[in-house]
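Written below as structure tokens is the structure these notes are about.
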Ligand code: NA
Ligand code: NA
């Protein structure tokens with residue numbers, strides 16, 4: 001008879017094998033959760049399988065009937081409506097008008113537009129897809145090297161996940177029972193750092209190899225004025241959502257609702273006035289896209305709930321955190337190892353699934369390493385109280401998770417960009433992404449060494 | 001059959017989206033009431049929000065979330081990891097896909113099966129929401145139907161993915 | 001050991017209820033059984049599900065023992081709800097807890113499907129305000145308060161305030177954003193939520209009386225209990241109902257001290273309503289009690305008798321001290 005902890009370890013291995021065999025992530029989590037509990041019930045007398053199954057009477061419904069989680073589909077919808085209302089185009093065109101006089105300026109505008117679009121879109125993939133569709137043709141027309149164009153967009157897409165609102169941050173906050181708002185506030189500085197880091201990467205690249213970007217050309221004055229005029233409403237709406245969220249005028253669900261309402265209303269008005277903007281069919285398209293993304297997220301969330309029940313019964317998470325707390329290893333070292341595990345897993349796993357599978361193991365371990373739930377900043381191993389640790393680790397984890405979106409062999413953003421730019425091979429996109437990865441490593445290092453980069457904003461606003 | 005199922009999944013998704021828009025409407029109204037209340041507070045009066053709106057959001061989102069599942073399946077939207085399988089022979093890939101479709105059908109039917117008991121139990125227990133006092137059990141019905149439709153869509157995919165309806 | 005029992009609940013292991021009540025109870029049972037019973041505690045809903053599901057989990061046996069709030073499943077325990085009403089529960093967790101466990105005959109039909117180990121309440125709700133102090137019924141008009149329960153929402157409506165439903169962990173954020181002006185909750189919850197940093201004042205009734213309370217139970221799966229040999233059943237019974245009620249109630253009164261200290265240290269104003277204003281609030285509460293009697297009457301339950309018996313049991317518990 002196996003002991004529960006070994007069964008837990010085997011369950012974890014089986015889960016990864018099933019995932020590698022392309023089993024849908026949510027289904028794999030449910031299957032391993034139920035199957036694992038059956039195995040457990042065979043060797044542990046106090047775990048009974050049939051009563052366990054009866055949990056499923058209400059488990060699914062109670063899992064989705066959750067007020068806090070309602071922000072997830074709302075943020076997803078907000079992003080798709082903004083794309084359908086062509087706010088993404090307005091954003092890119094406006095920034096292009098402002099930056100086109102620099103060498104590489106249009107690529108910079110594309111990255112900045114990704115950052116801006118991240119303010120209404122909760123997902124990296126949606127950001128990469130939307131902004132890629134808008135700006136790749138333009139970059140190609142102007143004669144940008146395919147590697148720079150596609151690399152900028154694949155990297156820029158990752159901004160969707162970090163710049164608030166972010167679905168991944170919402171889910172992280174719910175797992176660790178932290179404040180969604182504080183997570184969003186903490187992400188602001190790292191997000192801005194990323195935008196500037198990426199722009200710097202483009203500037204350096206074209207300085208070293210000018211053939212990557214064409215000579216800057218003068219835009220037609222009328223077109224330029226018109227583009228800038230259309231930029232302001234977008235900046236105002238996106239800015240209001242970010243500030244409203246960031247400064248806590250509203251809690252997340254109302255903020256997301258107001259965002260959807262405002263963008264939809266603006267899109268309809270724009271349509272009525274100019275003939276562009278949001279059509280009713282566009283709204284339906286946005287809803288269908290929301291259904292696919294939200295359906296996927298909710299299934300993985302439910303899978304995580306089922307898996308949690310199994311792993312808790314194996315006592316594996318407790319055993320891991322006890323081991324880490326007594327191993328005598330440097331806490332900082334363990335944190336870096338955890339981040340490396342995220343990067344490696346990110347090479348083949350979807351980011352949300354990764355957060356849901358891995359964070360429940362890492363978080364209790366970190367808390368134990370730091371000195372427990374009630375430790376004060378002065379005596380804590382990481383020099384911060386548990387609430388700050390929660391925020392800091394969440395931002396770090398999110399950044400390394402998003403790295404996985406642009407690293408080989410499986411970089412979902414890279415897939416999306418290479419499918420949009422049909423004449424650019426995946427290899428070219430990966431090559432174009434490498435310099436941006438360099439900027440990311442620097443950023444992770446900075447955030448790791450200077451926790452204030454993440455913690456200062458929530459402290460300032462939240463007091 | 002395929003076409004009917006896909007239309008049905010599409011209808012579920014759009015209905016779920018409609019529910020989402022209803023949440024947007026209610027929440028936005030409530031938020032404006034909150035702003036007005038802040039302004040009115042300066043003059044010593046109050047503007048009431050919609051009482052129990054959190055209850056409403058909770059019940060509404062439970063329907064919308066599950067109604068997205070069949071459409072997600074119809075579009076192969078439930079993510080999976082693409083790493084090893086791309087290099088496998090075509091026939092093996094198809095076999096694995098069929099296997100996972102089978103598991104998906106089993107999971108969907110399993111959830112539907114238990115949800116029936118859940119709904120009956122919640123009904124006989126007379127469970128209501130805390131502020132509005134609405135009974136919870138009717139809100140199991142859209143989810144239950146969605147699980148069945150999800151299973152049907154996956155079953156249909158066993159015979160090959162239909163072209164977009 | 002012969003038997004291992006699983007215990008599932010919704011609070012983290014650092015919570016007073018875990019450290020101060022559940023863990024000591026489990027340790028006592030293990031000790032009394034000479035180690036023949038082992039108890040594995042799963043805190044923080046780690047076995048899966050949301051807090052409202054704890055009741056069906058113990059009923060079905062996916063957990064052997066649970067600790068849960070009766071109000072999480074409004075409508076399931078219609079009779080026991082009487083003990084959370086204002087003017088029934090006065091202001092003593094001990095009195096009401098002793099009374100509840102002494103009234104099991106009257107409440108039995110609520111618990112047909114589980115083996116109750118003990119029932120208890122917390123010490124009672126006070127009004128926490130993060131905005132203007134509430135010194136009169138007039139002050140409560142239009143104030144948005146997080147409601148603790150179904151009947152708590154009635155009280156809030158009754159005093160002219162606005163009930164808002166939300167999970168407890170969301171409260172600090174909602175209070176700091178002004179989404180709610182305050183809450184109707186007890187004092188023991190203050191330190192874990194750091195409410196002392198948000199509260200400007202708290203309001204309670206004279207003589208330590210409170211605005212109703214919440215009812216909880218520790219319950220065991222029936223089959224799991226029935227499967228125990230008689231001598232182990234006796235160990236559980238010795239740690240059940242009236243045998244532990246006084247202790248458990250006193251624990252919950254004790255949990256208040258942490259909150260009181262935190263509020264005092266933070267300089268939060270503690271308002272005790274004047275007799276005149278208290279009478280106005282109590283008039284509202286009397287209507288709530290009547291509303292409750294009328295409502296359970298529709299289910300064929302004699303609410304008036306329940307109220308009368310509950311009050312008598314609480315009075316008896318009080319004089320028996
Ligand atoms: Na975002
Ligand atoms: Na990757």
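The backbone N, Cα and C atoms fix where each Cβ goes, and this holds for glycine too.
Quick look at what TrEMBL annotates:
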- A:5-21: transmembrane segment (TRANSMEM)
- A:12-453: domain 'TRAP C4-dicarboxylate transport system permease DctM subunit' (DOMAIN)
- A:27-47: transmembrane segment (TRANSMEM)
- A:59-82: transmembrane segment (TRANSMEM)
- A:102-127: transmembrane segment (TRANSMEM)
- A:148-175: transmembrane segment (TRANSMEM)
- A:187-210: transmembrane segment (TRANSMEM)
- A:231-250: transmembrane segment (TRANSMEM)
- A:256-274: transmembrane segment (TRANSMEM)
- A:286-304: transmembrane segment (TRANSMEM)
- A:324-345: transmembrane segment (TRANSMEM)
- A:391-421: transmembrane segment (TRANSMEM)
- A:433-457: transmembrane segment (TRANSMEM)
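Here the transmembrane segment (A:256-274) does not touch the transmembrane segment (A:5-21). Their Cβ atoms form fewer than 3 pairs under 8 Å, with each pair 6 or more residues apart.
With a cut-off of 8 Å between Cβ atoms, the residues of this chain six or more beyond the transmembrane segment (A:27-47) that come close are 1-4, 7-8, 11, 14-15, 18-19, 53, 299-300, 302-304, 306-310, 313-314, 353, 356-357. Stretch with the largest number of CB pairs closer than 8 A to the transmembrane segment (A:148-175), among A:5-21, A:187-210, A:324-345, A:433-457: A:187-210.
Of the Cβ pairs linking the transmembrane segment (A:231-250) with the transmembrane segment (A:102-127) and spaced 6 or more residues apart, 3 or more are under 8 Å, so the two regions touch.
Where the transmembrane segment (A:59-82) meets the stretches A:102-127, A:286-304, A:324-345, the count of C-beta pairs under 8 angstroms peaks at A:286-304. Between the transmembrane segment (A:433-457) and the transmembrane segment (A:102-127), the number of CB pairs under 8 angstroms, six or more residues apart, is fewer than three, so the stretches are not in contact.
Listed as Cβ neighbours of the transmembrane segment (A:391-421) (distance under 8 Å, sequence separation of 6 or more from its ends, same chain) are residues 124-125, 128-129, 132-133, 136, 140, 146, 149-150, 153-155, 157-158, 161-162, 166, 168-169, 172-173, 176, 178, 182-183, 186-187, 190, 194, 335, 338-339, 342-343, 345-351, 354-355, 359, 362-363, 366, 382, 384, 428-430, 433, 436-437, 440, 443-444, 447-448, 451, 454-455, 458. Confidence across the domain 'TRAP C4-dicarboxylate transport system permease DctM subunit' (A:12-453), taken as the mean pLDDT and rounded to a whole number, stands at 89.
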